Amino acid sequence: MSKQGKPFILHSPFKPSGDQPSAIAKLTEGLNDGLAHQTLLGVTGSGKTFTIANVIAQLNRPAMLLAPNKTLAAQLYAEMKAFFPENAVEYFVSYYDYYQPEAYVPSSDTFIEKDASINEQIEQMRLSATKSFLERRDTIVVASVSAIYGLGDVDAYMQMMLHLQLGAIIDQREILARLAELQYTRNDQAFQRSTFRVRGEVIDIFPAESDEIALRVELFDDEIESLSLFDPLTGHSLGKVPRYTIYPKTHYVTPRERILNAIEEIKQELVERREYFIKENKLLEEQRITQRTQFDIEMMNELGYCSGIENYSRYLSGRKEGEPPPTLFDYMPADGLLIIDESHVTVPQIGGMYRGDRARKETLVQYGFRLPSALDNRPLRFEEFERLAPQTIYVSATPGNYELEKSNGDVVDQVVRPTGLLDPIIEVRPVATQVDDVLSEIHKRVAVDERVLITTLTKKMAEDLTDYLDEHGVRVRYLHSDIDTVERVEIIHDLRMGMFDVLVGINLLREGLDMPEVSLVAILDADKEGFLRSERSLIQTIGRAARNLNGKAILYGDRITNSMQKAITETERRREKQQKYNEEHGITPQALNKKVGELLDIGQTDKPKRGKQAVKVEEKSANTYKPKSRKELEKELKQLEQQMRDFAKDLEFEKAAAVRDKIGQLKAVLLEV
């Protein structure tokens with residue numbers, strides 16, 4: 001497949017300044033010289049993302065940005081989209097809204113079935129990401145650690161593509177059969193992703209990786225007479241194309257002959273496993289593995305896939321025992337560039353994924369729920385990740401020992417902010433009066449319309465403090481680990497918008513969150529040495545106030561610990577360097593006017609594809625709906641109607657009625673537009 005060689009075109013009203021030009025030059029030079037590992041030490045607000053965008057544009061090579069969580073991935077994706085509107089900027093995170101992996105608890109003899117609800121929008125974005133890597137050179141994929149988990153084999157995936165070309169000789173039956181192999185379904189009523197409809201000699205196909213473009217194939221006898229793109233919602237033509245490639249519905253589709261070969265290998269492994277269980281006198285396990293595996297084989301024979309097909313990925317991808325699974329890295333071009341954001345968090349995360357997954361699967365294998373080959377359906381081990389990773393830039397305000405070691409201690413410094421903003425002033429105050437002291441500081445900040453972050457050591461302390469502040473008339477919210485990604489983004493958005501003034505949390509107010517309105521960070525019990533009060537944690541937390549002109553951090557402690565001292569020293573070093581730069585260049589620190597963007601609605605679709613979890617229907621009044629256009633309203637209406645039908649089909653009539661009421665409200669709004 002020939003790849004388009006379009007260059008990266010960076011759009012920005014700003015030119016690199018401060019430490020950015022030297023950082024861009026050093027990183028680019030290092031990459032051109034073939035350095036495998038480089039570290040960018042960039043403080044909060046120094047424009048690390050802009051620096052990386054410049055490096056990508058200068059190198060003109062495809063890139064993958066790894067973020068430690070979905071919130072930061074969404075933020076990075078939005079920023080990169082703004083920098084490169086003409087290029088392919090994609091988003092690749094876990095597509096599960098809810099995921100319960102299959103597991104067995106021997107102590108209570110409880111088997112937990114796999115249960116999941118898949119977010120269709122994120123699934124489409126994942127397919128779009130791999131398509132861009134395969135088709136285009138000007139691709140940036142922003143991913144979470146989901147990138148190290150097994151994906152379908154890239155060779156099998158490419159083998160399954162359906163290439164359509166103007167004038168090609170192919171009959172209608174063959175096209176429909178190939179679409180069925182790609183797991184597309186025929187649906188002449190509801191035209192949605194991964195479906196096709198047939199009207200005479202016209203086939204309309206809604207590609208799995210697309211959200212707003214469909215393909216119309218017009219045949220004359222056995223010849224493709226016309227290929228045209230159209231808007232699936234309005235039916236408006238978007239122009240003709242000479243050729244088009246239809247990608248499979250999922251990354252896990254496999255050619256028929258490979259499935260048949262895999263089935264033979266699975267049967268062979270099943271024979272060996274049964275012999276082992278009989279020899280060990282484990283008759284229940286022998287019966288269990290036989291029953292489960294034979295059912296899966298039957299399904300694969302008839303349909304080409306089965307529930308939990310990923311557990312047979314070793315055979316389907318033709319890999320040997322213990323070999324690394326195919327992942328997003330296999331789809332990435334060989335000369336790609338890897339940028340690991342907030343590397344001090346992301347790198348340890350990559351290392352920890354394999355072990356947790358392995359422990360759960362070993363129990364399933366031991367008790368006859370899975371064949372031993374299921375152990376090869378796993379995330380990459382850390383050493384495999386290291387072997388697969390291309391040239392890498394680690395980005396962090398507090399790089400970890402691993403990154404420093406890999407870069408041979410040679411760190412690219414980006415401490416000076418183009419805005420002239422200084423690191424927060426740090427004060428240490430006694431613990432005894434910390435709560436009352438924080439309250440008085442909050443009143444000062446609220447009076448000038450600024451926000452406050454407070455970080456505590458325990459959940460109990462955070463809850464009690466939130467209640468206490470609430471009783472004293474403070475508009476306060478508590479951010480805790482039970483809050484899902486989407487709600488977390490909403491809370492941070494509401495804080496910036498001034499819906500409330502104080503946010504209390506434990507370990508949730510650290511890496512990478514952009515909140516220029518926050519002028520005070522209060523760290524309670526700062527003198528309790530440990531993970532939450534380590535040098536890196538303190539620097540990261542203090543950094544949340546570094547985007548404000550009046551930034552200040554108060555550390556409450558009765559003594560200055562080693563970690564506190566290091567954090568204070570490093571913050572002062574950065575402050576002095578910035579001050580010197582400001583004096584030399586006559587810069588007056590400027591407040592950041594970073595506008596509060598519209599909430600990213602990535603993955604906020606109403607309907608999960610499957611899963612036993614009940615889908616919550618939000619009760620919204622008609623004036624909650626403020627879409628940008630009539631087209632968006634119609635799209636939402638279509639989604640709700642589909643959701644209502646699904647609930648009715650599952651005999652969930654109360655939920656169907658709630659959605660029906662929602663549809664009524666939306667139709668009322670539609671009449672006014």
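Using N, Cα and C of the backbone, Cβ positions are placed for all residues, glycine too.
Listed in Swiss-Prot for this protein:
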{"type": "DOMAIN", "residues": "29-188", "note": "domain 'Helicase ATP-binding'"}
{"type": "BINDING", "residues": "Gly42, Val43, Thr44, Gly45, Ser46, Gly47, Lys48, Thr49", "note": "ATP binding site"}
{"type": "MOTIF", "residues": "95-118", "note": "motif 'Beta-hairpin'"}
{"type": "DOMAIN", "residues": "434-600", "note": "domain 'Helicase C-terminal'"}
{"type": "REGION", "residues": "607-632", "note": "region 'Disordered'"}
{"type": "DOMAIN", "residues": "634-669", "note": "domain 'UVR'"}
Please identify, from the binding-site residues Gly42, Gly45, Gly47, the residue with the sparsest Cβ neighbourhood, meaning fewest other Cβ atoms within 10 angstroms.
Gly45
When DSSP states are folded down to helix, strand and coil, where does Thr49 (ATP binding site) land?
helix
Those residues of the chain, 6+ apart, with a Cβ under 8 Å from that of Val43 (ATP binding site):
Ala397, Gln414, Val415, Arg417, Asp423, Gly543, Ala546, Arg574
Counting other CB atoms within 10 A of each CB, which of the binding-site residues Ser46, Thr49 comes out lowest?
Thr49
Whole-number mean of pLDDT values that fall within the domain 'UVR' (634-669):
80
Once near-sequence residues are set aside, which residues in the chain of Lys48 (ATP binding site), 6 or more away, have Cβ atoms under 8 Å from its Cβ?
Leu40, Gly42, Asp341, Val395, Gln414
Within its own chain, what residues at least 6 apart in sequence put their Cβ under 8 Å from the Cβ of Thr44 (ATP binding site), listed in sequence order?
Ala397, Gly543, Arg544, Ala546, Arg547
Extra residues within 8 Å (Cβ to Cβ centroid of Gly42, Val43, Thr44, Gly45, Ser46, Gly47, Lys48, Thr49), ATP:
Thr51, Ala397, Gln414, Arg417
Is Gly42 (ATP binding site) helix, strand or coil when read with DSSP?
strand
